[in-house]
Structures are given as structure tokens and as C-alpha cells.
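One structure is given below, encoded as C-alpha cells.
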Amino acid sequence: NLYQFKNMIKCTVPSRSWWHFANYGCYCGRGGSGTPVDDLDRCCQTHDNCYSDAEKISGCRPYFKTYSYDCTKGKLTCKEGNNECAAFVCKCDRLAAICFAGAHYNDNNNYIDLARHCQ
């Protein structure tokens with residue numbers, strides 16, 4: 001779920017608040033359209049697509065689904081025992097948080113004009 005995703009981001013990118021990713025580029029945050037502005041925005045596009053795939057699992061609501069995971073010294077692990085939906089959503093969030101950690105953050109791409117840059 002989004003709360004757990006926020007905590008996964010805190011695990012992999014402890015130097016930056018999750019809030020910095022909430023309105024970044026064309027895909028980080030609500031919705032998403034157009035061409036991603038950079039690698040970090042592509043991480044968000046991939047995460048959005050992953051959640052769309054999760055929704056194809058019967059009854060799976062990725063924004064609200066809780067799952068079991070562990071964060072140890074910046075390393076994320078989705079725990080055994082998650083059901084199909086929880087395991088899928090955990091993987092989506094884990095891969096995105098790892099992607100965020102490896103991508104450059106460009107302050108100029110935070111709060112961009114979506115109508116102008118994301119069509």
C-alpha cells in the first residue's frame with residue numbers, strides 16, 4: 001500500500017523525504033501521461049504499470065493492499081507468506097524504491113507544468 005511504499009522509499013533513499021517523489025516529473029504521484037522526463041520519472045512510470053498489472057489479479061487493490069517486507073541496512077526483502085496480490089504489490093514497491101535509489105534527482109523536474117511537459 002502507499003504507506004508501506006513510502007517506508008520502502010525511506011529505506012532505500014534515507015537522505016530524501018518520500019514527499020519529494022510525490023509530484024516529480026510526469027508519472028511520480030497521481031496519474032501519469034506523456035513521455036517520462038528522466039530515469040527517475042521512468043521508475044514511476046514502471047511502478048504505475050506494475051500497479052495496473054496488479055489490479056488484474058482478482059480483488060487486488062494495490063494502493064490499499066498490505067504486505068510483509070523487511071528493510072535491513074537499506075536492503076528490501078518481500079517476505080514469504082504474502083498472498084498472490086500482496087507479493088505482487090510488494091515486488092512493485094520494492095523495485096520502484098530500488099530504482100529511486102539509483103536514479104538522479106533533478107530539482108527542476110519537481111512540480112513541473114504537466115499540461116506543458118506531459119502530453
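Glycine is treated like the rest: Cβ placed from N, Cα and C.
Bear in mind that the values here come from a model prediction, so they are computed numbers and not experimental data.
There are 20 other CB atoms within 10 A of the CB of Cys11 (disulfide bond), with all protein chains counted. Annotation comment: Swiss-Prot describes Cys11-Cys71 (among others) as disulfide bond.
Residues or ranges marked as disulfide bond by Swiss-Prot on the basis of similarity to another entry: Cys26-Cys118 (among others). Under 8 Å, Cβ to Cβ, and six or more positions away along its own chain, Cys118 (disulfide bond) finds Gly25, Cys26, Gly32, Ser33, Gly34, Thr35, Ile112.
The Ca(2+) binding site annotation in Swiss-Prot covers Tyr27, Gly29, Gly31, Asp48. Neighbours of Tyr27 (Ca(2+) binding site), defined as other CB atoms within 10 A of its CB across all chains, total 24. According to DSSP, Tyr27 (Ca(2+) binding site) sits in a coil region rather than a helix or strand.
Non-local contacts of Cys44 (disulfide bond) by the CB criterion (under 8 A, 6+ apart in sequence, same chain) comprise Phe21, Tyr24, Gly25, Tyr27, Cys28, Gly29, Gly32, Pro36, Ala96. Annotation source Swiss-Prot lists disulfide bond at Cys28-Cys44 (among others).
Taking the Cβ of Cys99 (disulfide bond) as centre and 10 Å as the limit, one finds 17 other Cβ atoms among all the protein chains shown. Per Swiss-Prot, the feature disulfide bond maps to Cys43-Cys99 (among others).
The feature disulfide bond is assigned by Swiss-Prot to Cys50-Cys92 (among others), with similarity to another entry given as support. Counting only same-chain residues at least 6 apart in sequence, those with a Cβ under 8 Å from the Cβ of Cys92 (disulfide bond) are His47, Cys50, Tyr51, Ala54, Pro62.
For Cys60 (disulfide bond), other Cβ atoms within 10 Å of its Cβ number 18. According to Swiss-Prot, the feature disulfide bond maps to Cys60-Cys85 (among others), an assignment based on similarity to another entry.
According to Swiss-Prot, the disulfide bond annotation covers Cys78-Cys90 (among others), on the basis of similarity to another entry. Neighbour density for Cys90 (disulfide bond): within 10 A of its CB lie 26 other CB atoms from the protein chains shown.
Among the features that Swiss-Prot reports, active site is placed at Asp93, with the record citing sequence analysis. Around the Cβ of Asp93 (active site), the same chain contributes Gln4, Phe5, Met8, His47, Tyr69, each under 8 angstroms and 6 or more positions distant in sequence.
Under DSSP, Cys118 (disulfide bond) is assigned to coil, being neither helix nor strand in the three-state scheme.
Counting Cβ atoms from all protein chains shown, Cys85 (disulfide bond) has 18 others lying within 10 Å of its own Cβ. The recorded positions shown are Cys11, Gly31, Cys43, Cys71, Cys78; of these, the one with its CA atom nearest the CA of Cys85 (disulfide bond) is Cys78.
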